[in-house]
Amino acid sequence: MSRSCQAFHLVRSMVKSPEQNPNSRHVIFDLVVAAHVHSGKVEPALLYFHRMIQHGLTPTSNTFNALLRLLLSSGRFDAACRLFHDRTHGVELDHRSFATMIKGSIELGELQKASTLLDQLEGSGKKPDVFMCTAFIHSFCEVGELEEAGRMFDKMKKMGLPPNVVTYTVMINGYFRKGHKKHGFELYDDMRRNGVIPNLYTYNTLIYQYCKDGDLVSAFALFDEMPQKDIAHNVVTYNTLVLGLCRQRKLSEAEKLFGRMRRAGIRPSSATFNTLIDGFCKAGMMSKADMMLGHMKAAGCLPNCVTYNSLIEGFSRSSNLVGMAECYKELKERGLTPTKVTYTILINAFAEANDMGTAFDVFNSMGKAGLEADVCTFGVLINGFSREGNMKDAAELFRTMLDSDLKPNDVIYNMMIYGYCREGSSYRAWRLLKEMSENGMVPNDASYRQTIRVLCRDKKWQEAEDLMSEMTMAGFEPDDSIYRALSDAKRQTPSCT
């Protein structure tokens, strides 16, 4: 018989025995609630909790707090709030009660409620602890509220609560994620001055930032320092450095670090293999990428869409459409679903190979798969059609974009302008330039030059002259060929001679 069933029978016999000692009644009722809480049974726990109150008995703080935790872990946040604020149960709220509710509020993103609870805690004469304050700081950092996080950090010090290594690391990471590198490194220096010893997560956070900045010397200095401080590297440490090396095309060093990682007994993750495969693919080293794919499979790491997307793009860049097709086939055979990125890579590959028919077929397949094309996908197709002089299909895609509530960016506008200039449609090119300006975008130098030339060729020298003024205001300087084209247009126009 389970603990909760045993407790239930005890309570039933107790209720039938009026002569039962009140203290025993209190203990047994409390045990029943605790047993249901321990079993994760929310409704019975609440039922006996309220029955206990009806019998004039006050639950213990431990049972009350355990019930709060059960409600929160079961997604019953509102019920937990009602129980917490209900004063009829007679339980005196202790530090753990507040800590439980604050933690639950923070985990659900209810920062305002958590802050109100903190004020109530302090109003009752109790002080928050380091863990509570750190939870607030972490949550504020997660939502980008660095000022609030900083205020809580300073408040800790004023209350005589020295931040621990977790507090510092959370705050440093928050600064780095928002791009406030200077503040992050200054806080790290403050941490060391205050005698707080960095842990694995602190080192990983700092190494990541150094790698992101391209400062591999500083990143490896910390990497070498870790064993001296009896802190072992983990897979995240190695993955971060491998990524940093691959970003700088130091693939030989990345491969050596990969070997060192395995010799250290650290099992590479999918992210490790994917980073190396992507690095080799971007460098056009497809045999190395294929070899790393073999290592990945042998290590029991299943290739995923990220893996195949890198390989497909690598074969595409190498103009190896056969290898690209084989990778796509393997992706499908493994039961993986192509992503938007997969389709865009394929579309770009066929567009680069001047096979716009197949590129458009892939685009249609993407739609049938329930994936909506983004600006990048449309851009690839529009660029391909513009390059081959097919402005009819390019314009149709441009309109489809607008109908889909996707705003073309300046790159796509410039592609369209380039295409219209190539086919000699001076008015359409000029109209798009105007539209760009109306939408707050600045055409590039080439778009201005090409449009001015085709306007001059069509003897539309007034529009060309206006564009030259705009071009100068945009920071571009017309060259001698532009001035000659304008001069020739004016000379060939009867009204100007």
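Cβ atoms here come from the backbone N, Cα and C positions, even for glycine.
Features reported for this protein in TrEMBL:
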REPEAT    25-59  repeat 'PPR'
REPEAT    94-128  repeat 'PPR'
REPEAT    129-163  repeat 'PPR'
REPEAT    164-198  repeat 'PPR'
REPEAT    199-233  repeat 'PPR'
REPEAT    234-268  repeat 'PPR'
REPEAT    269-303  repeat 'PPR'
REPEAT    304-338  repeat 'PPR'
REPEAT    339-373  repeat 'PPR'
REPEAT    374-408  repeat 'PPR'
REPEAT    409-443  repeat 'PPR'
REPEAT    444-478  repeat 'PPR'
Inset, instruction - With DSSP as the yardstick, break the repeat 'PPR' (339-373) down into helix, strand and coil residue counts. - result: 26 helix, 0 strand, 9 coil
Legend entry - For the repeat 'PPR' (94-128), sequence-distant contacts whose Cβ falls under 8 Å of one of its Cβ atoms, 6 or more beyond its ends: 61, 64-65, 68-69, 72, 77, 80-81, 84, 135-136, 138-140, 143, 145, 159, 161
Inset, instruction - With a Cβ cut-off under 8 Å, give me the same-chain residues at least six positions beyond the ends of the repeat 'PPR' (269-303) that come close to it. - result: 235, 238-239, 242-243, 245-246, 249, 251, 254-255, 258, 261, 310-311, 313-315, 317-318, 320, 323, 334
Inset, instruction - Would you mind giving the whole-number mean pLDDT across the repeat 'PPR' (25-59)? - result: 76
